[in-house]
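*Asks:* First the structure, which I've put down as C-alpha cells, then a few questions once you've had a look.
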Amino acid sequence: MNVSQQIEPRAAASERNMADAIRFLSMDAVEKANSGHPGMPMGMADAVTVLFNRFIRIDPSLPDWPDRDRFVLSAGHGSMLLYSLHHLIGFADMPMAELSSFRQLGSKTAGHPEYGHALGIETTTGPLGQGISTAVGMAMAEQMMASRFGSALCNHFTYVVAGDGCLQEGISHEAIDLAGHLKLRKLVVLWDDNRISIDGSTDLSTSMNQLARFRAASWDAQAVDGHDPEAVAKALERARRTRKPSLIACRTRIGKGAASMEGSHKTHGAALGDKEIAATREKLGWPHPPFFVPPEIRAAWAKVAARGRTAREAWDIRLDASRSKKRYEQTIRRQFDGELGDLLAKFRSAHRTRATKVATRQASQMALEVINGATALTIGGSADLTGSNLTMTSQTQPISPGNFKGRYLHYGIREHGMAAAMNGIALHGGFIPYGGTFLVFSDYARGAMRLSALMGLPVIYVLTHDSIGLGEDGPTHQPVEHLAMLRATPNLNVFRPADIIETAECWEIALGEKNTPSVLALSRQALPMLRRTEGNENQSALGAYVLREARGNRDITILATGSEVEIAVAAAERLQAEEGIAAAVVSMPCWEKFEVQDLAYRRKVLGDAPRIAIEAAGRLGWDRWMGPDGAFVGMTGFGASAPAGDLYRHFGITADHVVAEALELLRRAYSETLPIGARIGPHPSAHTVRSSQEA
C-alpha cells in the first residue's frame with residue numbers, strides 16, 4: 001500500500017474550520033495575556049491542520065509512546081499554535097483554562113514551549129534554530145533504533161515547523177548540511193515562508209534562495225501555497241516517500257485571516273487588539289465568544305487523537321509479539337546492565353596498581369573502552385576532533401548514510417549542530433549521546449548546551465585541551481573563562497578530573513545522571529595517578545574530597561582541580577619538608593556535586609585553616625570556596641603560544657609560586673613576627689582541624 005492510500009481524506013471546508021479554531025484560540029490567548037505572538041499560529045494554522053488531520057500519529061492518552069511521530073515547533077515564539085493543537089486533540093493537561101492562562105506564572109502555557117512543562121512537548125524551543133537542529137538528532141535516533149529493532153517497532157517521522165528566523169540562524173546551516181549528508185529521510189520541515197521578520201520584510205536582511213540552499217545540501221525541496229490544504233497534503237505525501245530529508249516551503253501570510261493586519265509584521269509579537277479581533281471574527285464567520293470551540297469542530301479534532309490511539313494500539317500488539325520486546329524496553333529506558341559499575345571499579349583498581357600516568361583525555365578513552373564494551377546505549381561522536389578528543393573506541397563503528405547500525409557520529413566542524421543533535425538523540429530515547437570538541441569551542445555550542453541543562457537531558461560533553469596545557473596552539477585555543485561560564489549554568493555538572501582514577505569516576509557519575517547533562521574537561525598533557533588509597537568508593541561523586549591530609553593539624557588547605565592537583569600535591573609536600581607547614585590538598589573534580597553535600601562534610605573537607613586555590617583558568621567562582629581571605633593561583637588574562645611547561649612557568653602556575661603564595665597568605669592570616677621556617681599553628685580564631693587519621 002502506498003503512502004497516499006494510507007492517508008484518510010478530509011474535506012477542505014472542515015479543515016478550514018479546524019484551522020480557524022487554532023487562529024481564534026491563539027488570538028484570544030495572546031489578547032488576554034497582552035503578550036505573545038499571534039501572527040505565526042494564524043499563518044501556519046492551515047498547513048499544520050493538514051499535517052495533524054491527515055498524517056501525524058500521536059496518542060494524547062499516552063504522550064510518551066516511543067513510536068509516535070515527533071512534532072517540533074522550532075519557531076517556538078508561536079507557542080499558541082502548539083498549545084491550541086494540544087487542547088484540541090485532548091491532552092489531559094491542556095484544558096481551556098490553561099489557554100486562558102497563557103504566559104502566566106504557574107501555567108502550563110509558557111511563553112515558549114518547554115520540555116517537561118506540559119505533556120507532548122518534544123523539546124524546548126524559542127532560541128531560533130534550536131528546534132530544527134534538535135530534530136535532526138531525533139531523526140538520527142529514529143534511524144538508529146530502526147536499524148536495531150526493525151520498522152515494526154520503530155517507524156515514525158519527525159516533523160518540524162520552522163520560520164525564517166530559524167533558517168537564518170547559523171546553527172541551521174550545520175544541521176541542514178548534516179541531515180542531508182546522512183539522508184535522514186524521515187525528517188520533514190515545514191517552513192513558514194511568510195517573508196516577515198520583526199523589523200519588517202525579510203528582504204531587509206536576506207536574499208537567500210532557501211530552496212536552492214536545501215537542495216545543495218541534498219534535501220528534497222518543494223514550494224506550495226501554505227493556505228491550500230490539498231497542495232500541502234500532496235507535498236507531505238511526496239515528503240514521506242522520498243529518500244532524503246524534506247523541506248516544504250509553505251508560502252503563507254503572517255496573521256492570516258486578520259481583518260486589516262494580515263501580512264503585517266505588526267502581528268508577529270503583539271496582541272491584535274479588541275477591535276481587530278472583533279473584525280476578524282466577522283470576516284471569518286466565527287461568531288463564538290473567546291475561548292470557545294464548537295462541538296462539531298472538537299469532534300473533527302478528536303478524530304486525530306483516535307487515529308493516533310489506533311496506531312499506538314497496533315504497535316502495542318507488535319511489541320508484545322516481538323522477540324526483542326525485553327531488549328527494546330531496556331533500550332528505550334536507557335537501562336544499564338548491572339555489571340558496568342563493577343567493571344569500572346576493576347578498571348580503577350588496575351590502574352591504581354600500575355600508577356598509570358596519562359592525559360585525562362586518554363584516560364577517558366580508556367574508560368570508554370570499558371563502558372562501550374559493557375553497554376550498547378552510548379553513541380559517541382566528535383566535531384572533527386576524534387583523534388584529539390579520543391572519543392572513539394573499538395566498539396564504536398561510524399554511522400554513515402544508509403548505515404545506522406554504528407555507534408559513532410562524525411559531526412564535522414559543527415560544534416553547535418553536534419550539541420543540538422545530541423539533545424535530540426537524548427530526547428528521542430534509547431541512547432546516551434556523548435560528543436567531543438576542545439573546551440574553548442564550547443563557545444560555539446553554548447546555545448544548545450544551555451538547553452541540555454534547561455531540559456535536564458543526560459548528554460555528555462567531552463571537552464578536551466582544557467587549559468594553557470594544550471600549549472603551542474595559543475590563546476585562541478586555550479580556555480580561560482570557559483569553566484566559569486559552564487559552572488555558572490544551572491543544572492550542569494562540570495567535571496575536571498585530576499588523574500585516571502577520577503576520570504573513570506566522573507564517567508560513572510555522568511552515565512548515572514538522569515536529568516543533568518555533564519561536561520568532562522580533560523587535559524592534553526599527561527598527569528600522574530594521584531589517588532593511591534584503595535577502595536571502591538567513588539570519591540568524585542562527593543564533588544570534592546581530601547586527597548592528601550596534612551600531617552597533624554592543618555596550617556593551610558590547597559584546593560585544586562584537574563591538572564593543577566598535581567601542582568597542589570607538590571606544593572604541599574614542599575611546604576611540609578621545607579617550611580614545616582602542614583598542608584592538606586583537596587581535589588575538587590565537580591563543584592556542583594560538592595555544593596549539594598551536607599554542611600558538615602563541606603566543613604570537614606575545606607577545614608578552618610587559610611585556603612589557597614589553583615586552577616589554570618580565571619578566578620571567577622573560586623572565592624566561595626577559598627573564603628574572603630583566600631589566595632588564588634591561576635590565569636588573569638589570555639594565554640600565549642608556547643610549550644605547555646613554559647606557559648605554566650610564565651603564568652606562575654607552579655609549585656614554587658604556590659609555596660610563595662601560601663607563605664604570604666599565612667603571614668597575613670597569622671603574624672608577621674614568626675620566622676619563615678617556624679611551625680605555624682592554627683589560626684587563633686579557628687577550630688582545630690585534625691587529619692583523617694586523627695579524626
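The backbone N, Cα and C atoms fix where each Cβ goes, and this holds for glycine too.
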*Asks:* Need a hand: Swiss-Prot gives His77, Gly126, Pro127, Leu128, Gly165, His268, Phe441 for thiamine diphosphate, which of Asn34, Asn194, Asn403 is also on that list?
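*Replies:* Candidate listed by Swiss-Prot for the same site: Asn194.
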*Asks:* Since Swiss-Prot lists Asn194, Ile196 for Mg(2+), which candidate among Asp164, Asp228, Asp274 does it give for that site as well?
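*Replies:* According to Swiss-Prot, the candidate sharing the Mg(2+) site with Asn194, Ile196 is Asp164.
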*Asks:* Taking only same-chain residues 6+ apart in sequence, whose CB is under 8 Å from that of His77 (thiamine diphosphate binding site), what do you get?
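*Replies:* The list for His77 (thiamine diphosphate binding site) reads His37, Met40, Gly111, His112, Gly126, His268, Gly269, given in order along the sequence.
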*Asks:* Name, in the order they occur in the sequence, the residues of the same chain whose CB lies under 8 A from the CB of Asn194 (thiamine diphosphate binding site) and which sit 6 or more residues away.
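*Replies:* Residues satisfying the criterion: Gly39, Met40, Gly43, Gly163, Asp164, Arg251, Thr252, Arg253, Ile254.
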*Asks:* Around the Mg(2+) site formed by Asp164, Asn194, Ile196, which additional residues qualify by having Cβ within 8 Å of the site's Cβ center?
*Replies:* Gly43, Gly163, Asp192, Asp193, Arg195, Ser197, Thr202, Thr252, Ile254
*Asks:* Can you tell me how spread out the thiamine diphosphate site is, meaning the largest CA to CA distance among His77, Gly126, Pro127, Leu128, Gly165, Asn194, His268, Phe441, in Å?
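*Replies:* So the maximum pairwise Cα distance among the thiamine diphosphate binders is 34 Å.
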*Asks:* Any idea of the Cα spread of the substrate site, His37, His268, Arg361, Ser388, His465, Asp473, Arg524, as a max distance in Å?
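*Replies:* Pairwise Cα check on His37, His268, Arg361, Ser388, His465, Asp473, Arg524 gives a maximum of 48 Å.
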*Asks:* Can you tell which of Asp164, Glu415, Asp473 has the least company, meaning the fewest other C-beta atoms within 10 angstroms of its C-beta, among these recorded positions?
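*Replies:* The recorded positions Asp164, Glu415, Asp473 were compared, and Asp473 has the fewest Cβ atoms within 10 Å.
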*Asks:* Which of the recorded positions Ile196, Arg361, Glu415, His465, Arg524 has its Cα nearest to the Cα of Phe441 (thiamine diphosphate binding site)?
*Replies:* Glu415
*Asks:* Measuring Cα to Cα, how far is Asp473 (substrate binding site) from Glu415 (active site, proton donor) in Å?
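*Replies:* Given the Cα positions, Asp473 (substrate binding site) is 19 Å from Glu415 (active site, proton donor).
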